[in-house]
Amino acid sequence: MLDVKILRTQFEEVKEKLMQRGGDLTNIDRFEQLDKDRRRLIAEVEELKSKRNDVSQQIAVLKREKKDAEPLIAQMREVGDRIKRMDEQIRQLEAELDDLLLSIPNVPHESVPIGQSEEDNVEVRRWGEPRSFSFEPKPHWEIADRLGLLDFERAAKVAGSRFVFYKGLGARLERALINFMLDIHLDEFGYEEVLPPYLVNRASMIGTGQLPKFAEDAFHLDSEDYFLIPTAEVPVTNLHRDEILAADDLPIYYAAYSACFRAEAGSAGRDTRGLIRQHQFNKVELVKFVKPEDSYDELEKLTRQAETILQRLGLPYRVVALCTGDLGFSAAKTYDIEVWLPSYGTYREISSCSNFEAFQARRANIRFRRDPKAKPEYVHTLNGSGLAIGRTVAAILENYQQEDGSVIVPEALRPYMGNRDVIR
């Protein structure tokens with residue numbers, strides 16, 4: 001959520017920056033108009049209250065002098081009724097303004113490239129060289145089917161499309177990757193492990209920016225008003241909702257494995273085969289709470305930490321800075337890490353690392369004090385995938401496939417796979 005004071009005092013500057021994102025700006029224009037209406041009503045109410053106080057003194061004088069005060073008393077009753085009606089109008093306007101604030105996206109950081117779509121994203125760096133195959137590389141779902149690692153057909157029978165059963169060494173590979181990633185983030189980068197709930201309440205979804213804008217992409221349990229988490233970012237960020245942290249506690253780093261659940265409402269016909277776009281998938285999420293002045297250094301560190309996983313696995317990738325038109329709703333700046341998938345002949349997103357500045361913290365009311373007597377300030381929050389497990393499985397199967405249909409296990413992963421060096 002944007003700072004209301006900045007939105008009011010620097011409206012045109014904020015609007016200009018939001019225009020760089022593209023899309024509909026109706027809500028921010030409506031916010032300006034309703035806020036003007038609210039301030040006008042408040043001024044009128046204050047004027048009426050001042051008038052009422054003056055007339056009350058006149059009524060007191062008339063009563064002391066035993067003169068007729070009824071006309072003024074009747075007038076003040078009418079003024080009192082007007083004040084009540086206007087106070088109710090103000091309350092309604094404030095409720096609508098609060099709703100509008102929740103629907104206005106974050107302002108892009110000045111370093112974000114200006115553009116309209118993913119075509120305008122800017123490549124920052126690459127690591128590794130895509131492998132040259134002496135045979136036609138197969139897509140991961142064909143490799144997995146031949147090796148008995150994944151079963152999409154039976155998952156469709158049990159649950160529906162965009163679900164999968166991991167079986168045998170496929171299940172072990174998934175579990176190995178979870179442990180491998182967590183061990184690196186915990187032991188080398190100092191994250192604290194969190195195992196979060198998979199169901200959250202509405203306030204949590206609002207806190208991280210999933211609601212109200214992305215309601216159609218969430219799985220909702222109507223009977224209890226719970227939501228299945230689309231990412232561990234939601235419960236882990238809300239871990240400190242409505243709290244004031246001590247400056248000495250910052251930065252806070254959390255790493256969380258969880259299943260993630262997404263309706264993929266806008267993805268009909270896209271990535272219908274394989275692991276790239278599932279309703280349920282596993283992910284290791286990295287979440288940071290930091291001081292505002294440190295957040296952009298922390299974003300660079302976060303991105304490098306996610307990259308480390310791909311480097312250890314020997315998977316070629318690139319890092320791109322998202323342009324303003326491709327930036328997520330809550331993010332001020334985002335780097336996408338894209339892994340090379342031979343069957344696609346291109347790089348596909350495997351991690352998204354974002355700095356939200358105070359946007360989420362303001363929605364979730366997460367603050368800190370620089371010293372015990374200082375006024376609380378909003379923290380900056382960051383998060384990134386470290387990594388998406390299913391897409392990592394897909395990348396390993398495709399990049400390490402052999403002509404005989406077997407798959408080499410990346411060396412760093414072998415201790416987690418019972419020292420197995422090949423899947424056949």
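Positions of Cβ are set from backbone N, Cα and C atoms, glycine also.
Of the residues GLU174, GLU285, GLU293, Swiss-Prot puts just one in the L-serine site with THR231, ALA232, GLU233, SER385: GLU285. With SER351 (ATP binding site) as the anchor, the candidate binding-site residues are THR231, ALA232, GLU285, SER385, and the one with the nearest CA is SER385. Cβ-based crowding with a 10 Å cutoff singles out SER351 as the top-ranked of the binding-site residues SER351, SER352, SER385.
DSSP classifies ALA263 (ATP binding site) as coil under the three-state reduction. When the binding-site residues ALA232, ALA263, ILE350 are compared by the number of other CB atoms within 10 angstroms of each CB, ALA263 has the fewest. When the Cα atoms are compared, THR231 (L-serine binding site) and ARG262 (ATP binding site) turn out to be 9 Å apart. Counting only the Cα atoms, the space from SER385 (L-serine binding site) to ARG262 (ATP binding site) is about 15 angstrom.
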